[in-house]
């Protein structure tokens, strides 16, 4: 057998900037702006889906988008400084759509005839549910319970979970790209061509601009192309769905966004509280916690860091719970999670710098306050973002699969666990999703609507299903006999903060705070 020249490695070797190393200031600012542009897709799509159903106007939608971006900036800074300290952007999560739809369709709210009043009352109900539900992550995080639970994870168990964090989002890739294929497909091909085939071309000194800034370059080109199509009348007399996906002037964001608006807590009024709403929202909090755990593992690998130890993971989950509470207080219409697309961007640009993400948070807050300027960028047709998701979600999925290098994949036990976790993680959510629609109907359809929302949310998450299957099987089938096959000898040193001396470099709190909050 030929000698193996690519042994398993704790950290990726071909990225240029890790957490603590930074590009030049000019590169850093451009990379930060690129992160901001990328997270606009989800930040615009979620309010666009939910606000009209709440009775809100286009202006209400613009204000919610601004608020979501502002709070995302705050949460990103808090996570990068005091949470996991990984270069992870914290943004809105689709996991909250099902419980929010349940609240929107509450009969007591639907009976309100005035649309604006219904929007305000629904928003306040969502805020109250988010505030109460956030306590789950806060408690599980700061009590270290989630860290203790993570000790049941192994490379074999986490590989399908991290993979499903990316691969499980396939419905937001080509299916949405296909809504306007004449824009989305050129964007997909251009991103692959620029970032992969032209990455060694350096027209400006030694800066690999095609590898560093593929989103800015390709997005600008295709955006101009879509503007030309719109202005040229290519979509006159086309179906409404096509116009919404393809035209650059259908979102009404620029015309309705205020020039200046500073989002503040309780801007929609005091939250209202309901036990049923809160229980339903707790399902999304649990799902976002699992998805964020997988995203943190992927971010650590793409930032050339060690896997976050249990103490750091719990710390990050605790701060994420505070972020969800802020979502509720400000009124963002959804909760927070790690932005998977921005995690993928770390690998695409080969830059895992923490400073880049911190500055991108500044862009989020700035453009949310000066709404007209932010609305210009937010008016990009969504198929442009869907094309990017095809690349970035796939990249995160492959990072998850890379954890298999630390396991024995010549072992039938491991093959069965991996295959079953991946397959059920995709198949079960697909089964549940085909029965769900915005009127909160779903496969679980009892007289208790909050229970329906809870079950439908949990089983619609690929990462949640994958974690459940993988962790249970990995910790019940031939556990002692398979320690080496599961990759535990490699994994065990990353369970505790003191287990690897590199952890101090990556995860120590700033401002000498470790004196007051010593790691365990």
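Note that Cβ sites are derived from N, Cα and C of the backbone, with glycine treated the same way.
Since the structure is predicted, the reported quantities are computational estimates derived from the model, not experimental observations.
Noted in TrEMBL for the protein shown:
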- 29-51: transmembrane segment (TRANSMEM)
- 63-82: transmembrane segment (TRANSMEM)
- 88-104: transmembrane segment (TRANSMEM)
- 125-146: transmembrane segment (TRANSMEM)
- 152-170: transmembrane segment (TRANSMEM)
- 177-198: transmembrane segment (TRANSMEM)
- 213-235: transmembrane segment (TRANSMEM)
- 356-378: transmembrane segment (TRANSMEM)
- 384-404: transmembrane segment (TRANSMEM)
- 416-436: transmembrane segment (TRANSMEM)
- 448-473: transmembrane segment (TRANSMEM)
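Here the transmembrane segment (88-104) sits against the transmembrane segment (29-51); at least 3 CB pairs are under 8 Å, leaving out pairs fewer than 6 apart in sequence. Of the Cβ pairs linking the transmembrane segment (63-82) with the transmembrane segment (213-235) and spaced 6 or more residues apart, fewer than 3 are under 8 Å, so the two regions do not touch. Contact between the transmembrane segment (416-436) and the transmembrane segment (152-170) is supported: at least 3 Cβ pairs lie under 8 Å, counting only residues 6 or more apart in sequence. Across the candidate stretches 177-198, 213-235, 356-378, the maximum count of CB pairs under 8 A to the transmembrane segment (29-51) is reached by 356-378. Taking Cβ pairs closer than 8 Å, the transmembrane segment (448-473) reaches residues 95, 98-99, 101-102, 105-106, 152-153, 156-161, 163-165, 167-169, 275-277, 279-280, 282-284, 286-287, 290-291, 293-294, 416-418, 420-422, 424-426, 428-429, 432-433, 436, 440, 442 in its own chain, all 6 or more past its ends.
A Cβ distance under 8 Å defines the sequence-distant neighbours of the transmembrane segment (356-378), meaning residues of its chain 6+ beyond its ends; these are 22-23, 28-29, 31-33, 35-37, 39-40, 43-44, 62, 65-70, 72-74, 76-77, 80-81, 87-89, 251, 253-254, 256-263, 342. Long-range contacts of the transmembrane segment (177-198) within the same chain: residues 210-211, 214-215, 217-219, 221-222, 225-226, 229, 241-242, 245-246, 348, 381-384, 386-388, 390-391, each at least 6 residues beyond the stretch ends and with a Cβ under 8 Å from a Cβ of the stretch.
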